[in-house]
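Quick notes on the structure that follows.
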Amino acid sequence: MPLRLEIKRKLAQRSERVKSVDLHPTEPWMLASLYSGSVCIWNYQSQTLAKSFEVTELPVRSAKFIARKQWVVAGADDMIIRVYNYNTMDKVKVFEAHTDYIRCVAVHPTLPYVLSSSDDMLIKLWDWDKGWQCTQIFEGHSHYVMQITFNPKDTNTFASASLDRTLKIWSLGSPEPNFTLDAHTKGVNCVDYFTGGDRPFLISGSDDHTAKVWDYQTKGCVQTLEGHTHNVSAVCFHPELPIIITGSEDGTVRIWHATTYRLENTLNYGLERVWAIGYMKASNRVAIGYDEGTIMIKIGREEPVASMDSSGKIIWAKHNEIQTVNIKAIGSDIDVTDGERLPLAVKELGSCDLYPQSLKHNPNGRFVVVCGDGEYIIYTALAWRNRSFGSALEFVWASDGEYAVRESTSKIKIFSKTFQERKSIRPTFSAESIHGGALLAICSNDFVCFYDWAECRIIRRIDVSVKNIYWADSGDLVAIASNNSFYILKYNRDVVSACLESGKNIDEQGVEDAFELVHEISERVRTGIWVGDCFIYNNSAWRLNYCVGGEVTTMFHLDRPMYLLGYLASQSRVYLIDKEFNVMGYTLLLSLIEYKTLVMRGDFDRANEVLPTIPREHLNSVARFLESRDMLEEALEVATDPDYKFDLAIQLGRIEVAKAIAVEAQSELKWKQLGELAMSTGKLDNAEECLIHASDLSGLLLLYSSMGDAEGMAKLASLAREQGKNNITFLSLFMLGKLEECIQLLVDSNRIPEAALMARSYLPSKVSEIVSIWRDDLSKVNQKAAESLADPEEYPNLFDDWHLALAAESELRDSRNCYLPAEDYLKYMYTRNTNLLEQFKNMDIDGEIPLENGDSVHEAIDPSEDYVHEEIQENETQEETIDGEKDVEAEGSTEGVVLVNGNEAEEEEWGMDNEGNQPA
């Protein structure tokens with residue numbers, strides 16, 4: 001039977017003629033050397049050109065990655081080998097290697113060697129650790145040496161193919177060939193070794209249109225592959241699959257069975273002649289170079305063929321060999337860490353007569369089915385004895401041990417537990433795949449139909465393109481995975497049973513209420529399993545997640561592709577396997593899953609009983625789950641992480657809980673958050689303490705000014721002065737009416753002009769002192785400008801109402817220390833814009849009303865009246881200009897300092913509103 005390997009095209013890029021291709025072992029890169037003289041690196045995941053090297057104007061016939069050095073080595077028709085660093089794009093080495101075209105370069109898998117072959121009929125060995133010195137020359141061919149390749153099972157030997165119609169096998173260290181194979185009737189273009197361990201084979205391709213398989217121990221031809229209609233230019237044994245791939249100038253790529261040598265498939269992408277084939281170990285990807293571009297294909301599945309039963313026994317297939325390991329055999333003395341490879345003892349179980357493409361235990365673990373080559377074989381799990389076999393493209397188990405096979409797109413057979421055929425289904429649509437579980441699912445490209453196992457009656461049709469279906473052990477929940485998302489549905493078994501028993505006619509859509517959509521998650525599922533009501537899966541980004549009640553939690557970020565095997569409840573671990581058959585385990589507590597499941601069901605009493613069984617280090621995960629369900633109070637009780645608990649307490653407004661955490665943590669950020677919460681909730685005593693601990697001086701300024709707390713404001717002024725927060729210091733002093741200290745602070749801060757302006761507005765008696773300081777400071781920069789400053793004591797005529805201002809200051813000095821309570825603010829809010837000097841002009845000094853904090857004057861208020869208010873319009877002052885000069889008026893200004901220059905003077909007003917809110 002044929003292999004029936006699925007082939008998908010993953011990359012198609014048109015370019016100049018491609019002479020060689022190579023795949024990077026770790027990056028998603030494909031290297032292509034072109035006849036035009038360029039070397040390109042394509043990213044086959046993003047489908048983009050990652051890097052490009054302009055090597056020469058002549059053809060580059062061979063290029064290879066040297067991944068362990070981050071290099072690309074290329075040989076061209078200009079007889080020069082060039083080495084590039086593919087990260088920096090720098091040239092590492094350029095040297096002349098041959099006296100004719102360079103046909104091929106090959107990199108030793110472990111040693112610092114590169115082989116090159118040429119039309120000069122020589123093969124040369126280069127050592128990059130010795131500065132790319134030529135350490136050996138191999139002579140013996142009588143025509144162009146077209147290709148060379150190292151033996152992967154003995155890297156001390158290599159094979160060469162030449163147009164002299166021979167293959168030669170060489171050993172490093174010996175200039176003479178070990179032996180020569182007279183391979184073909186025409187020139188030999190290509191050669192490759194079989195990478196498996198059981199057969200000493202190599203394959204050659206020739207201009208005689210054939211490819212031949214050779215046993216290099218017996219030196220005999222094992223098989224001749226005929227079918228190409230032109231020269232065979234590229235050949236390879238696939239390292240993972242039992243196939244041989246050949247490419248020809250007839251434009252086709254042919255895939256042959258590596259054991260039976262029958263032709264499995266022929267590919268023709270219409271890009272003219274094939275020149276190169278590239279592959280990589282542990283990958284099913286194959287790159288093909290053509291006249292008009294490059295194609296990358298993926299053959300079969302990269303997922304390892306393996307299965308684990310409920311007791312922890314794993315069976316896997318490496319080609320036709322069947323092996324087994326037992327997770328429970330790991331001793332208790334071995335410390336198992338999440339994500340580390342398990343030290344498992346591998347035991348040979350037997351072999352399989354067909355090439356396994358899938359392998360699966362039945363529900364009770366007694367039997368294992370192997371499916372491939374269009375057939376299936378059921379073996380006993382312990383002794384590996386054949387119990388049944390037959391034809392099948394696909395095989396699936398029912399939850400009770402029955403099974404079904406898909407023989408074709410139009411026929412599905414159901415067998416009993418005793419391996420007897422029981423039913424047959426011929427769907428009215430093309431059956432592209434089947435899936436087992438509580439119901440039998442038959443899928444087309446656009447929908448899936450569920451059937452019951454007993455009578456094969458349709459249960460429900462669901463219009464979704466299905467990639468895989470996963471049933472929970474209970475049979476009540478099912479996950480349907482599509483290409484871009486997955487759906488969790490609840491199966492209403494009772495509704496279906498009632499409908500079937502009623503004898504009602506069921507149409508092709510099935511029972512309408514058979515399934516109920518529970519959740520839809522926009523993630524692509526790679527592999528998945530159910531543990532109770534918890535669905536565990538890894539997604540396209542290779543994150544290991546689990547989903548409970550629609551809530552997705554990421555357990556681990558996987559560093560490479562891995563595939564789920566199963567879950568062992570006794571160890572509370574989920575196990576995965578990679579492509580190299582390394583098994584890793586990750587902890588997932590069953591009690592954690594059970595708790596979340598009970599919460600989702602609303603069974604809080606039982607959930608609280610389970611909670612104590614969850615280890616302390618997992619309680620924060622529980623708390624975050626509860627938070628996602630808007631159960632903040634419960635989350636606060638469960639959380640153990642102080643930072644997370646603090647955040648929850650803030651959300652809930654639990655100031656005392658948050659305060660206790662803040663006291664322990666002594667974090668300014670936490671104190672600040674807590675202070676903001678206390679202020680917003682009106683707990684001002686707590687707010688003050690929090691803001692002090694947080695050193696939030698701005699917050700304290702807002703708090704004390706709102707409360708009218710003069711004592712607190714005084715402490716704030718002192719604290720701000722110590723921390724160098726001059727703005728807050730100034731505002732605090734200003735609100736306290738300590739104008740002298742405000743002016744001194746401006747002087748100390750080297751803001752002398754502002755100090756002079758403030759003195760003119762609030763303390764006229766200090767103006768002369770400040771102007772003197774200003775002159776001394778300004779004289780260091782501009783002596784003439786310093787002399788032009790006018791002192792009101794010297795030029796009182798230049799300052800309107802100067803003596804009235806001095807009298808007002810003297811009379812009202814004591815009133816600045818009178819602090820009105822904040823609760824009286826509404827009574828005096830309308831007097832804030834009073835013009836002080838105008839008020840003094842119109843009233844008797846003896847009957848004057850005291851100033852409020854030195855800001856403004858207010859009129860006497862009769863206690864029997866609610867509010868008495870007299871609006872006082874601020875007079876607009878018109879400044880005089882001297883010698884026709886225009887005055888400069890600052891916004892909101894009243895009076896200012898006068899500059900004197902010789903006999904001329906110009907009065908300039910400096911901005912300061914009546915509230916004194918512009919100190920700087």
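Keep in mind that glycine also has a Cβ here, set from the backbone N, Cα and C atoms.
If you look up TrEMBL, you'll see 873-882 marked as compositional bias 'Acidic residues'.
As annotated by TrEMBL, domain 'COPA/B second beta-propeller' applies to 319-578.
The annotation domain 'COPA/B TPR' is assigned in TrEMBL to 595-775.
Residues or ranges marked as region 'Disordered' in TrEMBL: 872-920.
Across the residues of the repeat 'WD' (95-127), the predicted structure has a mean pLDDT of 96. Residues or ranges marked as repeat 'WD' by TrEMBL: 95-127 (among others).
Secondary structure by DSSP for the repeat 'WD' (138-180): 0 helix, 25 strand, 18 coil. Residues or ranges marked as repeat 'WD' in TrEMBL: 138-180 (among others).
The repeat 'WD' annotation in TrEMBL covers 181-224 (among others). Tertiary proximity for the repeat 'WD' (181-224) is limited to same-chain residues at least six positions away from its ends with a CB under 8 Å from its CB atoms, namely 143-144, 146-153, 159-169, 230-237, 239, 244, 246, 248, 258, 261, 281, 319.
Within its own chain, the repeat 'WD' (225-266) is flanked in space by residues 2-3, 5, 7, 189-196, 201, 203-207, 209-213, 272-277, 279-284, 286, 288-290, 299-300, 319-320, 355, which lie at least six positions past its ends and keep a Cβ under 8 Å from the stretch. The repeat 'WD' feature in TrEMBL is assigned to 225-266 (among others).
The list of residues near the repeat 'WD' (138-180) in space but at least 6 beyond its ends in sequence, with Cβ under 8 angstroms from a Cβ of it, reads 101, 103-104, 106, 108-111, 113, 115-119, 121-125, 186-193, 195, 197, 200, 202, 204-207, 214, 216, 219.
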